[in-house]
């Protein structure tokens with residue numbers, strides 16, 4: 001997967017917009033958000049995407065993001081926080097409650113490093129965002145070599161990140177997939193981050209300028225003579 005759209009169930013998205021996203025050339029979708037999450041909204045958004053054969057990932061930040069019919073679940077582990085609630089606390093409580101029913105083969109964990117101090121997710125998780133490139137690289141190595149996480153996700157959450165930092169991270173990961181998300185608002189920015197990240201995630205621009213969002217997926221289309 002090279003490109004994913006991230007959709008927030010707390011935000012309104014017309015059916016025709018969803019159809020355009022499905023046929024844009026993207027490789028799939030993440031459904032996830034930070035606040036005002038309700039199970040009905042998650043179900044409605046999942047149903048809107050039902051016409052696609054593309055993978056749909058539910059990013060589980062609380063119980064409202066759990067749909068039994070979903071095929072793919074992402075479990076975020078926030079690495080740059082000292083609040084254990086977001087590294088393993090909530091995870092343990094959900095496992096304690098639902099452990100006998102969890103479809104483990106449909107679950108993928110992702111090591112998050114959140115880098116925009118003004119983002120809701122940074123404030124919620126108490127993320128330490130004032131990091132050097134060396135700090136970020138250390139977290140990448142921690143994710144791959146200590147925790148053996150399949151995904152390392154650098155999240156600037158609404159703010160376009162530093163391509164040089166992203167490049168440096170890409171050079172130290174070999175087995176763990178490198179995902180980048182944050183502030184991609186043009187196909188040029190998408191192409192820049194795609195040079196380094198295995199997968200780019202495009203989110204906010206969907207709700208600001210749908211056509212520009214669609215353009216970010218076109219850079220991966222194979223050219224025909």
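Each Cβ is built from the backbone N, Cα and C atoms, and glycine gets one as well.
These numbers come from a predicted model, not from an experiment.
Summary of the site annotation: Swiss-Prot records sn-glycerol 1-phosphate binding at 153, 154, 155, 156, 157, 158, 183, 203, 204. Screening the candidates 2, 6 against this entry identifies 6 as the one listed for that site. Cβ contacts within 10 Å of residue 154 (sn-glycerol 1-phosphate binding site), excluding its own Cβ and spanning all protein chains shown: 27. Around residue 6 (sn-glycerol 1-phosphate binding site), the same-chain residues six or more apart in sequence whose CB sits under 8 Å from its CB are 29, 30, 31, 32, 181, 201, 202, 203, listed in sequence order.
Counting in whole angstrom, residue 156 (sn-glycerol 1-phosphate binding site) lies 14 from residue 34 (Mg(2+) binding site) by their C-alpha atoms. The C-beta environment of residue 34 (Mg(2+) binding site), restricted to residues of the same chain at least 6 apart in sequence and closer than 8 Å, consists of 61, 120, 121, 124. Within 10 Å of the Cβ of residue 156 (sn-glycerol 1-phosphate binding site) there are 23 other Cβ atoms, across all protein chains.
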